[in-house]
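Engineer: Sharing the record's features from Swiss-Prot:
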- 199, 302: Fe cation binding site (BINDING)
């Protein structure tokens, strides 16, 4: 494929910033959702089966079975005025806000549009690239697949491009500070517990990245800060984020609980499961909860439909009294400042 990138006479120009996010379907129409599911689920870092078996499973069973129900869920978060999904709109808003600070900022999605190739083809010659994956924690199904796909596209289209990739920022002071600032105003109302819900991953994904046989519990001594596997252990990184948020908010351990959401299929994922705890909390006299989703920097299907809508319904049907969803960071001014700090390190 021909390289149609523009030329740029200024060889010392500043870095171009590429924001990477996971992506969304083109629309909530069944055909677009089916196309997105096929692209997403046939990624070997999502479903780790051999190629042919993975293709048969996804295209022959999963997508035909799930496309209509998934499309119905996507319709609940579709914005007709912008003809876009929140994840796309918020990511583009982040890019615009960062651009106002004097940076050249572009957006690409791992699945869907705009693609990494779209950005690379328009990248001016003589510019270097800084890739900022909008995933605070390392997981093979989010950070790793986005970064490795981006690297592969760079090798294919721009083999001489100078670039760097920002590491997961799960413990970065600026990220923790803005998360705490986002949550703090909600603590003024009476509550029984702050829930921090992270996107779950299959246990075998964790085993593949850490190369350890892990128990259902996070084993003592696994992935300490000094352990070299900590930089790829999703479970360690999420618990570290939780601990730092709790400390920043000056909350006691019993006031904060971490859970994992979005499990699909019948394999074992990281526990505890949000879906189970939602029904259990009211029985434990935890009837007023605040819930935030730190693994999502932008509101999306999983935060809005799964947690804020469906999660609230489950909680209240089980006897819960007050369910308060705390929106993601999205494109707030403090988050933009935090991203500037993360980019500059």
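The count begins at 1 with the first shown residue.
Including glycine, each Cβ sits where the backbone N, Cα and C put it.
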Engineer: Once the chains shown are all counted, how many other Cβ atoms turn up within 10 Å of the Cβ of residue 199 (Fe cation binding site)?
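Structural biologist: A count of 26.
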Engineer: Restricting to the chain of residue 302 (Fe cation binding site) and a gap of 6 or more, list residues whose Cβ falls under 8 Å of its Cβ, or answer none.
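Structural biologist: Result: 199, 261, 262, 293, 296.
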Engineer: If H, G and I count as helix, E and B as strand, and all else as coil, what does DSSP give for residue 199 (Fe cation binding site)?
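Structural biologist: Going by the DSSP assignment, residue 199 (Fe cation binding site) falls within a strand, counted as strand.
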